[in-house]
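Peer 1: Could you have a look at this structure, given as structure tokens, before my questions?
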Amino acid sequence: MLLTCQSSHQTYAIKTTPHSLSSLNKTSKYLSSSLNSNNTTMALCSSVIGFLMCFSLCFCCALATAKFEDMFQPYWAPDHFSFDGDAVNMKLDNFSGAGFSSKSKYMFGRVNIQIKLVEGDSAGTVTAFYMSSEGPKHHEFDFEFLGNTTGEPYVVQTNVYVNGVGNREQRLNLWFDPTKDFHSYSILWNQRQVVFLVDDTPIRVHTNLEHKGIPYPKDQAMGVYSSIWNADDWATQGGRVKTDWSHAPFVASYRGFEINGCECSVANSDADNAKRCANIGGWWDHPMLSELNVHQSHQLIWVRANHMIYDYCSDTDRFPSVPMECEHHRH
């Protein structure tokens, strides 16, 4: 099924697949919560049709939910991939890990993948979902899921690289078992903030603080990637628990591939792409998406209070002087 949505800037095609209507509803909920100051808009967004009408009033969305091969390709160990209906399985064994990347690069928007993580004893393994540009001065937004021994909670580590500099790790325990079913992991990126979301609950916000002299990632197109690999030198309890290869292969499963953003031409320079994407009038730059609303802020506070186990901003051993952005971030 193909739906279209038109704005003053351009017309977008919205592909629908067996999971995309539920995805549209999820995105509708996220956006309607961001637009909660407008009761008329909220009412319009209460259904898929209303959601599309909402976009014709406010901003227009390019939501592509498609088959894996339409948007992605293996870049590492294609023989470690298998397909089960609309799900893609990627495995790690004692011979190799595996990884895939998007065929295109993007600047601003939202990416979402539903993942079912490695079940059972996953100690020593890392499953990653991230966006990244290229080169030594690259930008990067990371989800890294750190495996654990059976019965112990999965840890998700997020990180942000700006101009090649990372060291901005935050870790939290997930509040559900991510190995029993698929859950959505998303990155929302615009000119004001980067938001990491789990099942549409924000778990981290990286705010644009350029007015404080702190660089912000908004000038390089990024690809979308995922990989699974062995990292038993650090991933589980600081490397104390090693990978038990008798439990291999370790399998992560994926579906619900969505990329909703400004696609960048490889023929253009980063500067040209940045200028075009910054001025395209994309939905992601709507003023109401420039910061979390009250409900989302409360969700983030709850996550940090109940599930955060590490924040680089509080690590005085690593950073005797508090990193500059930590002094100004409100979240």
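Backbone N, Cα and C atoms are what each Cβ position is placed from, and that goes for glycine too.
Those TrEMBL annotations? Automatic predictions, nothing curated.
Below are the features listed in TrEMBL for this protein:
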- 10-254: domain 'GH16' (DOMAIN)
- 41-66: transmembrane segment (TRANSMEM)
- GLU140: active site, nucleophile (ACT_SITE)
- GLU144: active site, proton donor (ACT_SITE)
- ASN148: N-linked glycosylation site (CARBOHYD)
Peer 1: Could you tally the C-beta atoms, other than its own, that fall within 10 angstroms of the C-beta of ASN148 (N-linked glycosylation site)?
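Peer 2: I count 21 other Cβ atoms within 10 Å of it.
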Peer 1: So what's the average pLDDT for the domain 'GH16' (10-254)?
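Peer 2: Here the mean pLDDT over the domain 'GH16' (10-254) amounts to 83.
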Peer 1: If I restrict to non-local contacts, at least six residues apart, and a C-beta distance under 8 angstroms, what lies near GLU144 (active site, proton donor) in its own chain?
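Peer 2: Counting only residues 6 or more apart in sequence, the Cβ neighbours of GLU144 (active site, proton donor) under 8 Å are VAL126, THR127, ALA128, TYR130, VAL156, GLN157, THR158, ASN159.
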Peer 1: What is the number of other Cβ atoms found within 10 Å of the Cβ of GLU140 (active site, nucleophile)?
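Peer 2: I count 18 other Cβ atoms within 10 Å of it.
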Peer 1: Cα-Cα separation of the residue listed as 'N-linked glycosylation site' and the residue listed as 'active site, nucleophile', in Å?
Peer 2: 25
Peer 1: Can you tell me the three-state DSSP label for the residue listed as 'active site, proton donor'?
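Peer 2: Looking at the DSSP assignment, the residue listed as 'active site, proton donor' belongs to a strand.
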